[in-house]
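> Sequence annotations record features per position, and here Swiss-Prot assigns region 'Disordered' to 64-118, 200-237, 706-733. What Swiss-Prot records for 75-84, 109-118, 219-236 is compositional bias 'Basic and acidic residues'. Annotation source Swiss-Prot lists compositional bias 'Polar residues' at 98-108, 208-217, 706-717. Taken from Swiss-Prot, the feature ATP binding site applies to 384, 385, 386, 387, 388, 389, 390, 391. Look at Swiss-Prot and you will find 403, 412, 415, 418 tagged as Zn(2+) binding site, backed by similarity to another entry. Residues or ranges marked as coiled coil in Swiss-Prot (evidence: sequence analysis): 650-678.
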């Protein structure tokens, strides 16, 4: 292609076509370089060796085949300019061009000849050469063809051998004008002290290869701008500036040349354009229509203020890329204004002044007074839980120390120091995160500030918990050598991790956990500013879950705000992984009601949500605590529950809750060390209310048939003993009118259809215990084995009577009254609801509201026998309430009540007559004197009346153990 172009140049007599073809030759060389660079980037995309790159660039500059022929000056005009003393300079090749290798270049002898002639005509001082192209008119076509056939091919290695000196000298190929008339010499590959201007690449290391080419700036342009404006204006000889394949490369998008920009200039531009450069217009890249009319390469280095502004089509993309690189790396203030980056609630509402610090009044007051009184220390340590404002307080403290405001409140936020800190440009406030080691010398240099400056250097060391021992040693040395105007602020969560040598020299400020009230107020303020629709109870839950950390509460609120709906308590519970209080109370109600099956089912449903067993146990304990404190509201689903159905809870229910809380706290220890946590949690819930269908009233009972039933505590809800009552909602008994055992027994007797059996059961039998539950069980006690065998013959009638009264099938068990049972039944003479423990026994019995007449008679005489030792001379009847009056006030059927009154009246008359004898007969522990008197008495024997008297009055214990002497 170069041969064809050369022949066409020779045919052109005027030189216009030749100038145009030289532009196309220049474009061909650029395309050639593009292909070579593309191939080399595939092999080694990372430019690792800078020195080799510089040497290649020097060779590229000196390669005559890569020069821009259109930039060559006209021979006649150049001679004329030389005589007029005009100064000229050429373009320089950028040192940051990413070209690694290029193809071979041919240097013809004719080029060398005309190069020597050009050196004679023009004197050049700089490292660069000003190349001249011979006139087209002075060369014939035959001579050109002959010289081309004799061309010598020089490879890159041959050209590199010709280049001597340091490759780092890629100073720039600048052309500096000299005012003196001495001979100007040409230096090849050598440095001249004080003449070269070093060009550095200012682009970031992580930029792309295209940005490397576009960010290089020729520094020597300022010399040309100072001296190039004193001549006459000349027209720029850029020809048409449109390549031959413009229509193809223009519409396919950005090419390599568009991306590389003007810094990849592969030749020497026209030196004629150097004259009158001040009048060269600056092209804009605002519209596509403007860019279509721009020339390919235009030198814009004449204005020193536009150092990075390259005119022409190839430099437009480079300008945009350079601007984008600056905004991304440096972060200009203008880019921050135009681009609105998202800030979290923690960053957006971070404290700016001491008044913004929440819940740290003592710390704020102490630091404010220290600044106002100028009593600032050297070392401060802020310690406390996370999210309490330690780092924020350190930043506010640092701003206040450097604030220029003369008012009392600092920081002001409007002075130069505060504004520079907000922009991230304050060099007197340094924050250092957790690092493995410190650069001792570098950090010490930062602390060395000028004494005449009023600013104080504040070094904030955040998260000191993770600092190593070497860091502490280095910090200790820095503190020893630091000047007075340096303040160190250490931020950590605990003082235990800090060395003692540091802690002993610090002013320590503790940041406690924030109160829920303060956190709720702050969250309400944020919610109102951000227009978040949230319930107050939900805010309370968020604050309670934050554990005194405002930062955690703000992050939780920000997450909830992303849902886009009204924030309620169930939504917060689901978000943070909690179970609703209603579900917890339902589970607790089932566990306390001994509903084993539903308890296990509900527990499995809750655990399927992914909740940890420890967390569930902790929530259950929290709910129990709220119920005991009276702060829980049972307004919802109260009718569906069993244990919590009655409100307010009784004392017995409160005791059960306390026992349940104790059980959960003890089970938590096992739960932490166990691998199967769900099993332990299930066992703990089932222990809250074990199965209590059966009752053992006597732990020392000799009957082995009751050993299979579990012992019970003081809960009488499912068990009724002789003389007790029971509240059973399943049977329809209300709390106010629950039947007693005597009422049940009388109702059973009335339902017996055999008349003789009725009287027999009333005289010989009684209910010993009854259990009403899923499988009701009744135990009947008879006075003798004969009576028991007689009742067994009528067992079917008795079962039907019990089923009619209780409304369900009953398991009936009969037994004979023993001596212990007789003593037990004699102890049931207390008032309603009371319990007592007999001496030498461990039975606890609950007494019914009303007693039968026979029971009252026995209780009356039992009390008299117990008081005999205290006052033996006191009469049994005198000074006490009449038995007839007591029986009249007793509850019961009218027929039995009337009969009991008659018996009581007769009994009182007999007691008045036989008072001394009854005293010794009732209790065998009477004194000897009383027994002697009784032996001398003449008693008329009446066996029948005495037998009836002993049957009704005597306790049975004294007569069975010891008979009185006669």
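Using the three backbone atoms N, Cα and C, a Cβ is placed for every residue, glycine included.
The shown structure was predicted, so the numbers you read here are calculated from the model rather than taken from an experiment.
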> Starting from the Cβ of residue 384 (ATP binding site), draw a 10 Å sphere and report how many other Cβ atoms land inside it.
21
> Give the nonlocal contacts of the coiled coil (650-678) in its own chain as ranges (CB under 8 Å, at least six residues past its ends).
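Contacts of the coiled coil (650-678) (Cβ under 8 Å, skipping residues fewer than 6 from its ends): 588, 591-592, 607, 612-614, 617-618, 620-621, 624-625, 627-628, 643, 684, 687-689, 714-715.
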> Reduced to three states, what secondary structure does DSSP give residue 385 (ATP binding site)?
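In the DSSP reduction, residue 385 (ATP binding site) maps to coil.
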> Any idea what the Cα distance is from residue 389 (ATP binding site) over to residue 403 (Zn(2+) binding site), rounded to a whole Å?
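Roughly 21 Å, rounded to the nearest whole number.
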> Within the coiled coil (650-678), what mean pLDDT does the predicted structure show?
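Summarising the coiled coil (650-678) by its mean pLDDT gives 86.
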> Spatially, which candidate from the binding-site residues 385, 387, 390 is nearest to residue 415 (Zn(2+) binding site), comparing Cα atoms?
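Closest by Cα: 390.
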> Going by DSSP, is residue 391 (ATP binding site) sitting in a helix, a strand, or coil?
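Helix, per DSSP.
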> Provide the number of Cβ atoms within 10 Å of the Cβ of residue 391 (ATP binding site), excluding the reference atom itself.
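Here the count is 20.
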> Using DSSP and three states only, what is residue 418 (Zn(2+) binding site)?
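DSSP assigns residue 418 (Zn(2+) binding site) to helix.
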> Residue 391 (ATP binding site) to residue 403 (Zn(2+) binding site): how many Å between their Cα atoms?
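Residue 391 (ATP binding site) and residue 403 (Zn(2+) binding site) have their Cα atoms 18 Å apart.
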> Work through the binding-site residues one by one (386, 388) and point out the residue whose CB has the fewest other CB atoms within 10 angstroms.
386
> Can you count the other CB atoms that lie within 10 A of the CB of residue 403 (Zn(2+) binding site)?
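Summing over all protein chains shown, residue 403 (Zn(2+) binding site) has 21 other Cβ atoms within 10 Å.
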> Could you tell me which of these binding-site residues, 415, 418, has the fewest other Cβ atoms within 10 Å of its Cβ?
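Across 415, 418, these binding-site residues, the one with fewest Cβ atoms within 10 Å is 415.
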